[in-house]
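Taken from TrEMBL, the feature ATP binding site covers Gly280, Val281, Ala282, Gly283, Ser284, Gly285, Lys286, Ser287. Under the heading domain 'FtsK', TrEMBL lists 253-439. The annotation transmembrane segment is assigned in TrEMBL to 44-62, 68-86, 98-117, 123-141.
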Amino acid sequence: MRRHARKMRRHGLQPMIVINNDDALPDLAAVLIGRALWRYRSELAPPYFAVTLALGGAVLHITNPQWWPYLLTVATVTAWALALFGERLGLARHGERLYAALVAMSAGSWLAAATALGIAHGPLLQVLIGGCIVLAVPWWAHRRRRAKVRVDRQMAAWPEIAQSIGLSGSRVQSALVDVWGWRARFALARGQTIQDVIGKVPAIESALGTFRGAVRVYPTRDDKANRFELRVLNTDPHADAIPWPGPSVTSIGDPIDLGPFEDATAARVLFLRRHGLIGGVAGSGKSGGINVLMGNLTACPDVVIWAIDLKRGMELQPWASCIDRLATTPEQARTLLRDAVAVLEARAASLAAQGRRVWEPKPDMPALVLVIDEFAELAEDAPESAADTDSIARRGRAVAVTLIAATQRPTQKAMGKGAVRSQMDVRVSFRVRERKDVDLILGQGMLNAGWHAHTLNAPGKFLLSAPEHDTPRRARAYLLADETVARTAQQHAGIRPSLDQVSLTAIEEAQAGLPVVTAEPTPAQPATPLANGPETILWDMLTCAPDEGTPVPLLVKATGMSRPWTYQRLRELTDAGRVTQVTRGRWRAKNDHSQ
Ligand SMILES: Nc1ncnc2c1ncn2[C@@H]1O[C@H](COP(=O)(O)OP(=O)(O)OP(=O)(O)O)[C@@H](O)[C@H]1O
């Protein structure tokens, strides 16, 4: 009979019970009532609680009527504890904690009164019923409780669902409700794999009655082959534009949150020591993506931003107050890239001199991030810069000089002739027009591997490929309104750092047309005979220096030593209080030491 009822329910029919007058209430009816009382236990919790209180009050009145002061004390303490520390019990919101405290206080007071006077005394029963109804309203209306009940019911129905979609034997292990929906961990039956579950996703969506695309299947954190995690969305996080919640980082060493994936988890990606390529057709949301990046990069006091925007600065101009250098003409772009290479070389030399391998960005030693919008225009208008972008792409990581390039179609021509495209570690693809463009942006073979950027169906949606993101998942970039950009730029302008001394000197030298010192320490130049050794020459140069100081390149030349060597000595002499840095890159001996 029970099997028959279940079968009918599966076919959408409700079982009907016929009770003959002379029959006793059949077992089945009692079972069904019992089941309903259990099934709706969450909704019926307030009356259950009231009945328990009434019974408790009746028993205590007979057995221990003198206990009422203790009950009142316990109720008061419990109410305070719930209000103050309820968060630890999962009462996340202020309103939830207040509600719990109010229920505890009301229930405790009523129980104390009933214990002292008996439940039949005066209006005590009416008060219980009235209070129960009033306090039940917030309970019934509570969104998270209702969501949890829905999930519990769906999980209770899982064995039947699993059977009908061919995953029988799989079991729910745990389920959790969150803002966007819920997720649950499942154990698979012997021989079933996560691939089997992925193949059944449409059937699962149908069985759970969700909207299409609401269900995601992932391996569990422990990566066990016989487990999977099911993520179900009640609302589609990509349905509308998602306002930017503000910067997610305060250092370039933190991964930047570009926007949520479809399962509402954040698409976070690290840009430290990584080059980035952003591609997509016009109107796909590239500039929006760059705004999210700028909003985060400008929040980091350990990043200096240089930018090239050959569309006359249209896109990046609003961030101008946070950009250390903005090139809007091919000429400016050429100089900027040349200086960036000089910085790279100088940093490499400085690291080599100190025996260090990588440049760890700090506010006084910031990373240098070059943001280049419409990279194709740069390759076309300033083709001679290709060698510089190539150098930065190949050698910039260790010294924290990195590129973030945006372009519509990163063809080899658009990216210049060098290795820039192949050096891009983080790829962000907004919608592309043609299937073959997927591989252009994301890399060879990605289209066949399921990275379908041509199917992205709204501006701002993107696919993210990076060392920590190796599966195709749709994300949607946050959207910054123009006012948000203006406000954020204004707020962050005050925390922008300037470049470190090593980089500034390198730029000065590059601008003075002096040869750039390479990372290889220069051996003593035999062409400059050093009768008294480089130290003496250095000291002579510093003591004879004019008031404005001697420039470092001159010191390097005169001593015949490398720049790192020169800087090392200058640092030692400064520490000893014997020399002083007059202005950037210019030094002389202190007056009291020069005699
Ligand atoms: N993340 C987003 N969420 C919602 N809408 C967006 C998002 N990003 C962009 N849009 C919408 O799409 C439009 C085009 O976006 P955007 O200018 O960023 O595209 P683009 O790819 O940079 O285009 P172009 O190459 O012409 O500059 C915007 O005006 C905006 O309305």
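Just so you know, glycine gets a Cβ as well, placed from its N, Cα and C.
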Inset, instruction - Find the member of 44-62, 68-86, 123-141 that has more C-beta pairs under 8 Å to the transmembrane segment (98-117) than any other listed stretch. - result: 68-86
Inset, instruction - State the non-local partners of the transmembrane segment (44-62) in its own chain: residues 6+ outside its ends, Cβ under 8 Å from one of its Cβ atoms. - result: 37, 71, 107, 110-111, 113-119, 124-125, 128-129, 131-133, 135-136, 139-140
Legend entry - Cβ contacts of Ala282 (ATP binding site) (under 8 Å, same chain, 6 or more positions away): Gln408
Legend entry - Largest tally of Cβ atoms lying within 10 Å of a Cβ, found at which of the binding-site residues Gly280, Gly283, Gly285: Gly280
Inset, instruction - Have a look around Val281 (ATP binding site) and count the other CB atoms within 10 A of its CB, chains all included. - result: 19
Inset, instruction - Check the binding-site residues Val281, Lys286, Ser287 for any whose Cβ is under 6 angstroms from an atom of ligand 1, and report them in sequence order. - result: Lys286, Ser287
Inset, instruction - Using a 10 angstroms cut-off on Cβ to Cβ distances, just flag whichever of Ser284, Ser287 is the loneliest among these binding-site residues. - result: Ser287
Inset, instruction - Give, as a single whole number between 0 and 100, the mean pLDDT over the domain 'FtsK' (253-439). - result: 92
Legend entry - Remaining residues near the recorded ATP site, that is with C-beta within 8 Å of the centroid of the site residues Gly280, Val281, Ala282, Gly283, Ser284, Gly285, Lys286, Ser287: Gly288, Gln408, Phe430, Arg431, Pro459
